[in-house]
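J.: First the structure, then my questions, so here it is.
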Amino acid sequence: VFSWDNKLPGAQLLLTRLRLFLSPGYPYEDILRTFHNQTGIVMCSYLPYFHKFNRTNGGLIQLNHGDPQPLQYAANAAFLATLYSDYLDAADTPGWYCGPTFYPTDVLRDFARSQIDYILGKNPRKMSYVVGFGHHYPKHVHHRGASIPKSVKKESCKGGWKWRDTKKGNPNTIVGAMVAGPDKHDGFHDVRANYNYTEPTVAGNAGLVAALVALSGEKTSRAIDKNTIFSAVRP
């Protein structure tokens, strides 16, 4: 699972890109084919047909197996799935195999879109988990800059806890921040002190922004630069 402490699926995807676009051949082909196959297996695991990961009733994939803060994993998976779809399309490859079954690239975009739609409000609570997006989003975000008023005097470390623990909404709206997200039952508690629901992270928001960019782009092979990232690699 691609996450803040495991970048292997992302690295394998980049090496798959190298194989698809530049085909460096011997002596690299064997190891690149291995990485390509492993990337395909990761993509298969995202599909609901294989039941590799549970989903909430609302459709959120549980890549962290029901543990807290699921959105960062779902957002990053949405990014990787869209990117792999784009790479295959750019290489004039209409899909990939999961065992004996062939799946078109569109199913990856469908998966990615379903997860991003959930994050943005298409879920049982009709809650946008991105602050400032829509009309119903978290107001008690676990974030120091968002929860401490701008005009407050200098506080000690523990003195700032009163702002963490207040029942009032955040005085500063941290627009665009995706919070940790719901539990495995689609439940959510907008409580600042409970970071398992309301904490935004760089790792999660990086995946969200990347997924949004990937999904909003034109679905065409011309959208992918086939060489620049590996311009120093000899043919």
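Glycine too: its Cβ is placed from the backbone N, Cα and C atoms.
Bear in mind that TrEMBL entries carry predicted annotations, made automatically and left uncurated.
Annotations per TrEMBL:
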- H142: active site (ACT_SITE)
- D190: active site (ACT_SITE)
- E199: active site (ACT_SITE)
- 2-212: domain 'Glycoside hydrolase family 9' (DOMAIN)
J.: Which of D190, E199 has the fewest nearby Cβ atoms, counting only those within 10 Å, among these active-site residues?
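T.: If we count Cβ atoms within 10 Å for the active-site residues D190, E199, the smallest count is at D190.
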J.: What whole-number Å value do you get for the CA-CA distance of H142 (active site) and E199 (active site)?
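T.: With the alpha carbons as reference points, the distance is 5 Å.
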J.: How big is the gap, in Å, between the Cα of D190 (active site) and that of E199 (active site), rounded to a whole number?
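T.: Approximately 10 Å lies between the Cα of D190 (active site) and that of E199 (active site).
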J.: Over the domain 'Glycoside hydrolase family 9' (2-212), what does the predicted model average in pLDDT?
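T.: On average, pLDDT over the domain 'Glycoside hydrolase family 9' (2-212) sits at 95.
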J.: If you draw a 10 Å sphere around the Cβ of H142 (active site), how many other Cβ atoms fall inside it, taking every protein chain shown into account?
T.: 21
